Structure formats: C-alpha cells, structure tokens
C-alpha cells in the first residue's frame, strides 16, 4: 500500500524536533502515537485491541542513527541513503510503535539476565544519562521478579527528545522522554530533578509489563496502564532509594487525585470514551493519581504478598493480549478470596469519594459517609470503604469494610491496652497512613485530641499529612472554619520533615492567596503568621548546603525558601537577590547551587518592575546562555511572577517567540503572579485564535485555560469567562474549562464563608502573640 504523510511539527504522529549539533541547528524525526496518532504515520487499525507483529524497514540519511522498538537485523548503504531492517516485534498495539532518527551518542549497560539497556542523548551529553541508565537497569531487574515474568524484548533503549508534549512515552523497547525527565547533571540539576528522573524512568519501565505486554482493551481502561505504572514506580524507587521516604511522598499523588475528584466536573476512573478526540482529556489526575491511590488502598487491604502473587498471575494470563478492569478484579478475587470486584467497582465506576464523619458518643465511635464535594454540597455516591483506625497508639488497629451509610464501633475494639479511659491525651485516628482514598471530618473533641497528638509527636508522617490536607479541603468546602485550620497549622510550628512541610507549605500558600481577596486588611497579618510557621525550619537549614545532609533536607531547603519568597518574607527575598547578583557575575559560584536557584529567581522577580527591569533582563540572559533544559525551566517558571502587570505581559508574549519551545509554555503559565491575573486573561482573549492554532493538543490548551482561569475568585469573573467561551467551545478543552470555572466558583463561596467568620481577626492576633 503506497501512502504519504507529513513530518509535522505538532509533537504527535511522526514529527520533527529541533536540536543543535556542533553549533548547527538540525531536525530529528520522532514518533508519538499514544493515543490515536499512529494513523498519522501509516495506515493501521489504530486501536489498542488490534495487536499485531510489526516488521519495519527505514530508509534514512546514512550519517544518522535510526532506532525502533526492535534491534537492527541488517543495514545496507547506497550513497547518501541507508536502508535499516529491524527484527519482527512480538504482538503489540499500534500506539507503542516507535521510530527515532537523528544524531546521538549513547551509553549502555546490561540487566542481570543480559538484556542490553542504552540511554541515547544529544551528542556530548551522555554523562547526563548515567543516573537514568542505572535506575533503568535496576528497575528492569526488580520488575522481572515482582511480576514473575522476564522483560519481553531483546533490548531497551531510552532516549531524550528536545520537543516532547508529555513527560515520557513507554513505547515498547524504545522509551522516549522529555530531556528534563531523563537527563541528570550532577552540577546543573536539583535534588527534585533527580527524584523526578527516577520516578519517570521507573514509571515508563513498569509499562513494559503493565500496558505493553498486557494492554487495556479500550481507552476506558487507561487507568489500568497509568494508575498501575504510577503506583509501582514508587515501589521501585522506594526499593532503590529507601532514604527518600518515597511512600510518604506518594501522598502528593493522592492529594492531587483527591483535589480533582472533589469537583462535580470530575469523572469516574473508568470513563466512557466514544471518540478519539476525547481520549487526551483523560490523561489526568484521575487516571494517574486516583488510579494509583485506589491500588495502594487495595494492596493495603489485601496485604502486599497476596497482592503481588495475584498481579503475577494476571500478567501471565493476559500476556500479549488485552484486558479490562473486570479481568484484573477477577484474578485478584480468585487469588485472595476477598470480594474485590464489589469493593473496587464503587471506586472505579462512579466518580468522587466519601468524607467519613466521625463522632464520639460515650464509648462508641459513630461513623457516617457522604460524598465529598469542594463546593460544599453532598453528592449521592455510596462506597464500600476500607476503614482503618487506631486509638492512643499504632499497636492495636481495627480494620473493617464500611458498607452502609452509617456504622458504629466500641472504642475497646481498637484501644491499645495501656491507655485508660480517663486519659486526656487519648486520640483516635481513622484512615491510618492515608491508605484509603477518602477524607475524615472529626467532631470537635476528636479533632482537639489529634492536635494534641501532633504537638506530642505521637503521629506518623503520613497521618500528619492526612490531617492537614483533610482540614484544608474541609475548610474550602465550608465544613470547618479557616480559623480552625489556622489553629491546626499552628501545631506544626516545630515540624522539620520535608514530606510533612511540603503539604503544610502548599496549604499556607493557598491560604495566603485566598486571603488577598477574602480579607485584604488581614492579609499581611495572615502572611506573617504563615511565615512564622515556616521560618524556624528555614533558619535551621539556611541557604548553604551542609556536609553529609540528607537528600530530603536539600529538597526541604528549596521548598521553604520558595515558600517564604512567595509569602513575601523580606529577609529571604533580599538574600535571594544578593546571591543572584553574585551568581549572575560568576555562574560557577557555590552561593547559588541548582537547588536554591528557583527561590533566588523568584526573589529577583518580586523586585522587578518596568522602571526597574534589570533582574528580568538578567534572567533572560541566563535563559539564552544555558543549554540545560532544567535550568531553562527554572527561569521560565519565574519570569511571569512579577507584581508588575506589564512585565507579566512581556513574559506571556515571550512564549510566542521561537526561543521558547511549545512544550515549555506551561512553566510560564504556571508562574503567573496574583497581580497578573487580569492582564493574563485579557492577553488570552486577545490571542485566543493564535494560541489554539499553535498549541493544538488537548493537554497544552488545557494548561492555558487552567492556569489563567482557575486563580480568579468571583462569580462575575466566572460569568465573563463562560460568556467568552460560549461560542468558542471545543471537545478537546471542554473538561478543562468546566473544571476551571468550578474552581473559581468554589473560591468565591469560600471567600463569602471566610468573611462571615466572627473571630478570625482575633484568632490571627492571638496566634501571632503566641508565636512572638
């Protein structure tokens, strides 16, 4: 069959990506076929259930390297063109076929079974592939044992692509990555970059089994691919880097799943897909983060060993074919004897999740479930909820399934023997270590007990995170006051753990933002209170690395300094600016290593205005002079954070130049200052047609809408946005727009509720005096 196609510039199908080699600009040819773009490259039955064996032959310029899923069988050269023949592949879906053609260097290693693993980079960058190669080899060895099935192909290549719409793509035997997701440079990358590379590599390699060997039958079951790969990547990285405390960091995933799924405009994990154009929109926090979180919940309920054995059976049973969600439940049920299908169907076929209301009534703990929604309403959903609880200590735990709307249990059932009833320090914690995908609202007495337990350092890191996240969500939904949330946060004032403080900091920044609109006259005092909360840990760490400090302390320093700059802490801003000037003159100075650079860049941008713009120009100079994508992203993520509207506008227009790759626009969009909201919205309206034409993938367009619409907090603004899009709606961004508008309306209601809190001002003053 003869056909022609286009080597396009849309980052999907068969496309071209620009790179520089020996000073000259060149194009490489790359494929990105998931979800439905193999058809842009060659005629095919482009659906995951139509598995076939692929035997490819390529004709390419003879000086270039041409890679595909399988190893090369032979090459013949005829002048300027060579023909490359590849081995036939096993049965696989079209979306996993891959081709990459360009000039590359590589480094290689082998797994314990002798499988050859390579990392391909741009010429001269192989030293930045060493870390990913090491993680890749170890992950393949780990998964081979975990899934009790050998890696199915003769080789595995991983390659960094300069223009790449997603983070990475698990093509069978030839995994493609954004440069920031694969390359790690000891001198230029931060600790969080390192962690990101490890998690991404582990995620993509898990797909070689979960997704590639066993593939979902249709896109409705996408979560089987993404939820599993996300969950198991934490398992792998935790095994490789136990000191990173990775399972506690997994709560970042759970948090983003819970936040999205509390919207009325969320969707079930298993979502009906009727047209190819709808697929892109479900590569979201539900398929990935909620998917991974309900898997963790099920593993915790069944036990790690039973769960692993069942997964291995599932992989063996469906190898080289397709499966749907029910097939996985059936195998798990058969292996474990537990009612897995009934339990899990409530979590995958209906959207949302419950909040469990817990109240003490004499010697009984009474529980009631209701669907949790951030707008404060109650949905009609009902779940089978795996409840875990402990009282006074983690020694005695009670586990059971809550199948009805209400239930109650006697405290004796889960009280550790040593605590007496009269003990005023008694505390009860539900959802131990946040393994369940639900929130808990405690009555006042139970909530006070948990605050005391936090102060007395009785709770696990995961439980400390769960309490602060639930409390924040309940406050947004107007189920508890901002006053009580601030009192709870105050209990964390001498916390020093990165994982806990990352959640505390994110809640602080959200409170700071909402208070600008809700209580402008209290805003400075609230900021001062939040600064006081983060300052002790930040002072202890300082700006400079110490010998022998842990990976998590390095991440904590960066987190706290960025948080303090965003909260407007003058000393931190001034120190950031001071160090930036030294760094600008001498890029090798030890005063501003990669981990603290983002904080300094943001500090500089807080001081920039049209009449004093040297900091902005200096950052642009750094952007233009660096070849490191991670450094470029740090600069881009700072440019739009100035309080000066005209500078924000300039940063947004910078995206239209050919200096910024389309894939990187979301860094600028994600950094827009609160002061820049209106100018960004006006800019989007003015340039909408151009944006739609230039960033025509669902996920990139959604970034524009989410970043620019969600920060607003009034019904009037929501109406104005709705009106603008009324005649411009497209299916590819419809979900993103509805979710963004819902967020605006939730904020508007939260503001009303905050304004009606009688004792907020007094509480802030009292907490400030306590801190002094």
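Using the three backbone atoms N, Cα and C, a Cβ is placed for every residue, glycine included.
All annotation found in TrEMBL is predicted automatically rather than curated by experts.
Keep in mind that what you see is a predicted model, and the values were worked out from it rather than measured.
TrEMBL has this to say about the protein:
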| type | residues | note |
| --- | --- | --- |
| DOMAIN | 131-347 | domain 'Peptidase M1 membrane alanine aminopeptidase' |
| BINDING | 203, 207, 226 | Zn(2+) binding site |
| ACT_SITE | 204 | active site, proton acceptor |
| SITE | 288 | site 'Transition state stabilizer' |
| DOMAIN | 427-745 | domain 'ERAP1-like C-terminal' |
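Here the features listed in TrEMBL are placed on the structure.
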residue: 203; record: Zn(2+) binding site; contacts (Cβ under 8 Å, 6+ apart): 168, 170, 229, 230, 233
residue: 204; record: active site, proton acceptor; contacts (Cβ under 8 Å, 6+ apart): 158, 168, 169, 170, 175, 177, 229
residue: 207; record: Zn(2+) binding site; contacts (Cβ under 8 Å, 6+ apart): 170, 225, 229
residue: 226; record: Zn(2+) binding site; contacts (Cβ under 8 Å, 6+ apart): 283, 287, 288, 291, 292
Chain-mates of 203, 207, 226 with C-beta within 8 Å of site centroid, Zn(2+):
170, 204, 206, 210, 211, 225, 228, 229, 230, 233, 288
With every protein chain in view, how many other Cβ atoms are within 10 Å of the Cβ of residue 288 (site 'Transition state stabilizer')?
23
